[in-house]
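Student: Questions regarding the structure given below will be posed in turn.
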Amino acid sequence: MFKRLVYIFIFGFFGSLLRLWLTTIFAQQHFVTVMAINVSGSFLLALVTGALPFIVPVSDELLSGLSVGLIGSFTTFSTFCVDTVNLATQQGFLLAASYWAGSLFFGILAAVWGVALSHRAQQRRLP
């Protein structure tokens, strides 16, 4: 259990730094950046948890570090929610609804793509 927590802590640190770096570099496009982070996180989470164990040997602790730590801290549901509310109150409901719907649509699409690629990786590894 301790090893799993260490992996989550270390990878979480780097996931948070990566998100901070991207939102700082692309500060002018904050909403697009947050959406891109969350969509890519949906894809990566599906791929890491579904395909990685079939491609290379990976411990449960490392898998937790990558999924919960790195990807969990990289993506940000709370920012997505607050951004949606801020868009609604500051720029109008239509833009907020578009941001909300686009984030969900592309996030789910990315997750489906990641799961599909994971299934292909699993099929290739089966005897």
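From the backbone N, Cα and C atoms, a Cβ is placed for every residue, glycine too.
Below are the features I grabbed from TrEMBL:
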- 6-22: transmembrane segment (TRANSMEM)
- 34-56: transmembrane segment (TRANSMEM)
- 62-82: transmembrane segment (TRANSMEM)
- GLY72, THR75: Na(+) binding site (BINDING)
- 94-116: transmembrane segment (TRANSMEM)
Student: Can you say which of 6-22, 34-56, 94-116 has the most Cβ pairs under 8 Å with the transmembrane segment (62-82)?
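Tutor: Between the candidates 6-22, 34-56, 94-116, the best contact partner of the transmembrane segment (62-82) is 6-22.
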Student: Under a three-state reduction of DSSP output, how is THR75 (Na(+) binding site) classified: helix, strand, or coil?
Tutor: coil
Student: Note down the number of other Cβ atoms within 10 Å of the Cβ of THR75 (Na(+) binding site), including every protein chain shown.
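Tutor: The answer is 21 other Cβ atoms.
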